[in-house]
Amino acid sequence: MSGKFVVGYDGSASSQRALEFAVDRSQAQGGTIVLAHVLEWSPYSFLTPNELEERHKRREEELHRAETAIMTTVVKDLRDKGVTVETVIKYGNIPELLAKIAKDCGAIQIVIGRSGHSALGARVFGSVAGALVQAAPVPCTIVP
Amino acid sequence: MHRKNFNAAIAAAGLLMASAPAYAQSVDEKVNQIFASSTGWFVNLIFSNFPGTSFPWIVAWLVVGATVFTLYFGFVQFRAIGHSIALVKGDYSDPNDAGEVSHFQALATALSGTVGLGNIAGVAVAVSIGGPGATFWMILAGLMGMASKFTECTLGVKYRNEYPDGRVSGGPMYYLTKGFAERGLPGGKVLAVLFSIFCILGALGGGNMFQANQAHQQISGIVGAYPGWITGVVFAVVVFAVIVGGLKSIAKVTEKVVPFMGILYVGTALIIILMNADQIGWAFGQIFAGAFTGLGVAGGMVGALIQGFKRAAFSNEAGVGSAAIAHSAVRTKEPITEGYVSLLEPFIDTVVICTMTALVIIITGQLVAGPDGNYLLNEAGTAIQTVGGTSGVGLTSAAFGSAISWFPFVLAIAVVLFAFSTMISWSYYGLKAWTYLFGEGETTELVFKVIFCVFVVIGAAANLGPVIDFSDAAIFAMAVVNIIGLYALMPIVKRELNSYVSRLKSGEIKKFE
């Protein structure tokens, strides 16, 4: 059975492990990878007038950086290995958007790494994994 | 002969020595004198009354403008408020535009520039001079001012400059030039230059020196008197770090704390009002009765009306044109949507926050009434007697303090933070006007930013009354130029409005999700 695996990827070691896990599974099943990078963003945050003016410019720069620094190399590596991969870069709330991306592309599973906050840290700052399992439309795998 | 010279020398030396300690004092006085004599005519012109009345024409100018826009756009501020809220919530924002400036962000930034001393000190002045009735006229002026904001912010977005590197720049100077050219009207460039000059002066004065001065008053009121230049230097260093050094962390903290302070202020006011729930009916009775009779206040009904209108205009800056600069960075394909969003600004600023201040002052019984129910005047006969003889920020502080004893400390922190965020906003407004006049470029921009920081110190250190008068006058002079422009360009806004409303009705413009 083939299907898409959405992988939350930010270039960190844990997201790298999540990617490896997803690649193994997808190769075993004959699926493909959707590499998703979400830039944390809230439309309800507060900015100074100067930040307002430069926001559009900064956004272009951030997208460019995400593309070149995070996505390009890993996508090339994967394609060299013969893995079919597509990429998505979006702004917003990470768990909500991962769930939405999975839904939009008809994925069969979401795979993310664990950032490794302590229980207290997760309580205070919230955890992507915790929020994702509540919101995800498909099974999730959290790779330690 | 020699002896005479010697005596003269001694006398001169004595004079010098005597004047040394008073040197700083006399510099202030000199600056005051020179400033007053060279700019007094301008201040008098802006704040002069209609002949034979005590009604300043500039207040009428703002109110007539607001009324014209209200009627011309068919009471858009009342019909569209639901749609405004939907826009701020992001119901009509394309999710693919995430990461761009949202309606909420543009509104929040513009609000942090207007919410400040006007809401705390200005209202206290209005109520103590004009009586509770001033509140009624203040609310009315706030409601009308929503239409002025609607007009100017729509134009701000429509005629903004978008540069190849992705930055955007907008405001009255751009719509005055481009809009007038589009309509084939003469004089756009002249108005834009005048606006920019007034905007720079207003930014250095009301948006900077006045704020620094009041912040110093607040801090020294709590920790005891100390030289103002110390506050000035600290403020200037922080402002410098933010606007020149690009130190995002301070700006970020401020931009987060200021809205929190605003909510805390309104929340506390509500608690105090609810604590005195049995008085609410009475307070509104006072407000309505005072609005039309004056309740024996100096100047009667007209006195209440002038104070209410004047303080509302001071506080929400509707028609001044400053907000159009902040709002113009929003990401939208429809300029009119930012008009809808901006009309919430005078509502939040004046109709909500200013009214809270007024209610707390009235409900906590700070104004002293005589046995006949009319208010007693103070000895000078210029304002209503207050319980502790307080006025301005002090009156608001006393009112909150009478219900919650420790709140004046929170209020002092709030005033300082509001002052700081207003300075950051106005440094930007001033800079935009500066670059309009002198061109963009790092050196020109740096020159303005350094001047701005120097004025922070001057504002905190000196009690330069005439300078403050002049800068207030400059802010209102912005309104003279801006509203002329708004009259000329309002048909363009009307066209945008009609087109947008018809597309909204036909379903061409839809909510996302």
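Glycine is treated like the rest: Cβ placed from N, Cα and C.
Remember, TrEMBL labels are computer predictions, not curated facts.
Annotated signal peptide per TrEMBL: B:1-24, in sequence order.
Sequence annotations record features per position, and here TrEMBL assigns transmembrane segment to B:55-75 (among others). With a cut-off of 8 Å between Cβ atoms, the residues of this chain six or more beyond the transmembrane segment (B:55-75) that come close are 46-49, 141, 144-148, 150-151, 302, 306, 309-310, 313, 318-319, 476, 479-480, 483, 486-487, 490, 493-494, 497.
Sequence annotations record features per position, and here TrEMBL assigns transmembrane segment to B:190-210 (among others).
Marked as transmembrane segment by TrEMBL: B:222-245 (among others).
The transmembrane segment annotation in TrEMBL covers B:257-277 (among others).
Look at TrEMBL and you will find B:283-306 (among others) tagged as transmembrane segment. When Cβ-Cβ distances below 8 Å are used as the criterion, the transmembrane segment (B:283-306) is approached by residues 53-56, 59, 129-137, 358-359, 362-363, 372-375, 377, 381-384 of the same chain, each at least six residues removed from its ends.
What TrEMBL records for B:347-369 (among others) is transmembrane segment.
As annotated by TrEMBL, transmembrane segment applies to B:403-426 (among others). Only residues 6 or more beyond the boundaries of the transmembrane segment (B:403-426), in the same chain, are considered here, and those with a CB under 8 A from a CB of the stretch are 109-110, 112-117, 119-121, 202-203, 206-208, 211-212, 214-215, 218-219, 221-222, 235, 238-239, 242-243, 251, 254-255, 257-258, 261, 264-265, 268, 271-272, 275-276, 322, 326, 360, 364, 393, 396-397, 456.
Beyond the ends of the transmembrane segment (B:446-468), by six or more residues, the same chain brings 28, 31-32, 35-36, 39-40, 43, 200, 203-206, 208-213, 215-216, 227-229, 231-233, 235-236, 239-240, 243-244, 423, 427, 430-431, 434-435 to within a C-beta distance below 8 angstroms of the stretch. The transmembrane segment annotation in TrEMBL covers B:446-468 (among others).
Among the features that TrEMBL reports, transmembrane segment is placed at B:474-493 (among others).
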Listed stretch, out of B:190-210, B:222-245, B:257-277, B:474-493, that has the most CB pairs under 8 angstroms to the transmembrane segment (B:347-369): B:257-277
